[in-house]
Amino acid sequence: MEWKIDKDCVDYQMSLMFMQERVKQVINGSGDELVWMLQYEALYTGGTSADPQDLLNSDLFPVFNVGRGGKYTYHGPGQRVIYPILNLRSRNICDLHKYIYLLEEVVIVTLDNFGINGCRKEGHIGVWVGTGCQPPKKIAAIGVRVSKWVSYHGIAVNLYPDLSHYDAIIPCGIKNFGVTSAKEMGIEIRSFNAFDRYFKKSFVKIFGE
């Protein structure tokens, strides 16, 4: 498995083409599985179930309609995006619910290293924080797609993005719960390096090499 880490913001259209090409390579056996860690300039993406009414302001940043699962979400600086391109068949994970559960687990284990108690919320994909009397907020979104059981797209974890940029959408189509970040929780993760190190360790522990 190859790990690719980009320090600078990546062009979104280029990233789609890169993922699609790597998926083809994994399917035909000419390329290795890949976990790609990156970030984008500010933009919005809409998944296959996105409702146009959830896009409240289409003029603020570029909007891309893509083939991943899910609705509208935001990407931008301070958010770590992770795209695992895995052969799920060879890993005996031919079950999207199981795959998403495992991705959530990787994020939960990673965030625990920073003192963030992430959890799942029944009926909603992603990783959430806040329990008891506190309304839960999403700290990590997940939207995936598979082609011949090779996965792509993936995870977006909010470390220190500008959360006001979410105001132009209804994130993931959920009106009753908000979004948060490590920074909003009072936890400074100013360098992606530490997050990446813990994420890789957690990912390998759960998915293997």
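Yeah, the Cβs are placed from backbone N, Cα and C, and that goes for glycine too.
Database features (Swiss-Prot):
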type: ACT_SITE; residues: CYS172; note: active site, acyl-thioester intermediate
type: BINDING; residues: ARG68, GLY69, GLY70, LYS71, TYR72, THR73, TYR74, HIS75, ALA141, ILE142, GLY143, GLY154, ILE155, ALA156; note: substrate binding site
type: DOMAIN; residues: 29-209; note: domain 'BPL/LPL catalytic'
type: SITE; residues: LYS138; note: site 'Lowers pKa of active site Cys'
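Between the C-alpha atoms of TYR74 (substrate binding site) and LYS138 (site 'Lowers pKa of active site Cys'), the distance comes to 12 Å. All protein chains shown were included, and the count of other CB atoms within 10 Å of the CB of GLY143 (substrate binding site) stands at 24. Spanning the residues ARG68, GLY69, GLY70, LYS71, TYR72, THR73, TYR74, HIS75, ALA141, ILE142, GLY143, GLY154, ILE155, ALA156 that the record associates with binding substrate, the maximal Cα-Cα distance equals 15 Å. Cα separation, ILE155 (substrate binding site) to LYS138 (site 'Lowers pKa of active site Cys'), rounded: 12 Å. The domain 'BPL/LPL catalytic' (29-209) scores a mean pLDDT of 92 in the predicted structure. In the shown protein chains, 23 other C-beta atoms lie within 10 A of the C-beta of GLY70 (substrate binding site). Distance noted between the C-alpha atoms of TYR72 (substrate binding site) and LYS138 (site 'Lowers pKa of active site Cys') is 14 Å. Summarising the environment of TYR74 (substrate binding site), the number of other Cβ atoms within 10 Å of its Cβ, over all protein chains shown, is 25. Other Cβ atoms within 10 Å of the Cβ of TYR72 (substrate binding site) number 24 in total over all chains. Cβ neighbours within 10 Å of ARG68 (substrate binding site), excluding its own Cβ and spanning all shown chains: 20.
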